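Quick look at what TrEMBL lists:
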DOMAIN    64-195  domain 'AAA+ ATPase'
BINDING   T79  Mg(2+) binding site
REGION    195-265  region 'Small ATPAse domain (RuvB-S)'
REGION    268-359  region 'Head domain (RuvB-H)'
BINDING   R304, R323, R328  DNA binding site
REGION    340-359  region 'Disordered'
COMPBIAS  344-359  compositional bias 'Gly residues'
Amino acid sequence: MNWDASDTAPDAGPERLVGAAADREDQAVEAALRPKDLNEFIGQERVRQQLDLVLKAARQRGATADHVLLSGAPGLGKTTLSMIIAAEMGVPIRITSGPAIQHAGDLAAILSSLQEGEVLFLDEIHRMSRPAEEMLYMAMEDFRVDVVVGKGPGATAIPLELPPFTLVGATTRAGLLPPPLRDRFGFTAHMEFYGPAELERVIHRSAGLLDVSVAVEGAAEIAGRSRGTPRIANRLLRRVRDYAQVRADGVITQEIAAKALEVYEVDERGLDRLDRAVLHALLNLFGGGPVGLSTLAVAVGEERETVEEVAEPFLVREGLLARTPRGRIATPAAWAHLGLTPPQGGGAGGPGQTGLFGP
Ligand SMILES: Nc1ncnc2c1ncn2[C@@H]1O[C@H](COP(=O)(O)OP(=O)(O)OP(=O)(O)O)[C@@H](O)[C@H]1O
């Protein structure tokens with residue numbers, strides 16, 4: 001499944017090269033590409049420094065590290081960081097996810113089998129069921145859970161002591177976490193999108209591990225199309241490597257990277273076919289808007305949800321499209337990106353178009 005910043009968004013086709021969620025090939029190769037310690041982890045300077053302090057202090061005290069909440073879009077390194085936390089603390093890690101824990105009993109079984117100091121990585125923590133979430137409050141605070149035995153009036157709660165552990169929760173939607181859960185994390189880190197220079201370093205590092213030869217300009221070309229996301233950078237690197245191997249001498253130059261990504265329809269700003277179709281429709285059919293989401297979706301032959309949740313977040317982030325109460329409008333940057341001239345006296349958001357298509 002490939003989509004941006006939302007785990008409930010619809011799929012935009014299996015071959016979405018710039019989707020931020022991990023596909024099967026990513027899962028197979030990512031283990032080999034993950035940085036193993038904080039020094040190897042590229043970018044996110046502030047998070048790295050803060051986490052370094054939290055972990056060093058815990059180690060000096062001989063204590064278990066505080067619970068850590070990592071928030072940020074898919075593919076920015078939350079799973080990687082959780083593994084680094086365990087490695088830096090010299091403890092094992094157990095990995096599970098919110099949707100996998102539907103019953104409080106599932107969580108009790110995991111918690112009661114943890115070793116002392118172990119890291120429990122709970123991905124998509126905002127998607128846990130409510131009873132499990134409530135059990136987690138007590139487990140995080142008191143290292144204890146109440147296991148309910150029996151049903152109805154005869155049900156009894158048996159307290160169960162847990163070994164101290166470190167919960168690392170990851171979420172793409174920190175705002176969806178109930179405050180009592182959020183408050184129980186000793187350290188919260190928000191992961192930002194990566195800058196081009198950081199992505200270039202990710203690409204050079206991965207190229208080294210994959211034994212691929214990449215020129216400085218080649219890495220820059222891939223970085224610019226990676227939508228601020230290391231996972232996408234690594235994926236584009238693999239596709240460009242294929243092209244360089246089949247069509248050239250294996251070396252990734254700027255020209256090879258640009259040609260390869262043209263074949264895969266990822267443009268110089270990281271937009272793919274769907275993103276550009278939305279922009280084209282908005283500019284060419286609706287004069288830059290405002291246009292209602294449903295109309296826009298019909299124009300590009302996609303579901304409304306696909307346009308809203310798969311294409312739009314990145315277009316908005318890039319400042320190419322704006323969501324307004326009157327509908328979607330294109331920004332001047334969108335016209336420039338597609339090499340088009342905005343219509344005179346109106347265009348995007350022009351007064352004459354109000355109400356034409358309704359939001
Ligand atoms: N800071 C970084 N330096 C180097 N590589 C990184 C960095 N962050 C992420 N990566 C690489 O990007 C890939 C995706 O990272 P990871 O699986 O940790 O992301 P995630 O935020 O957990 O994604 P999801 O939310 O989908 O689980 C991994 O292969 C990892 O090696």
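Numbers run from 1 along the shown chain.
Quick reminder: no glycine exception, Cβ is built from N, Cα and C everywhere.
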Residue counts for the domain 'AAA+ ATPase' (64-195) under DSSP, helix then strand then coil, are 50 helix, 36 strand, 46 coil
Other C-beta atoms within 10 angstroms of the C-beta of R304 (DNA binding site) total 15
Sparsest Cβ environment (other Cβ within 10 Å) among binding-site residues R323, R328 belongs to R323
Residue counts for the region 'Head domain (RuvB-H)' (268-359) under DSSP, helix then strand then coil, are 44 helix, 9 strand, 39 coil
Result for ligand 1 contact check over binding-site residues T79, R304, R323, R328 with Cβ cutoff under 6 A is T79
One should report the C-alpha separation between T79 (Mg(2+) binding site) and R304 (DNA binding site), rounded to whole angstrom, as 31
Here the mean pLDDT of the region 'Small ATPAse domain (RuvB-S)' (195-265) is 96
Pairwise CA distances across R304, R323, R328 (listed as binding DNA) top out, in Å, at 14
Taking all protein chains shown into account, the Cβ-based neighbour count within 10 Å for T79 (Mg(2+) binding site) is 20
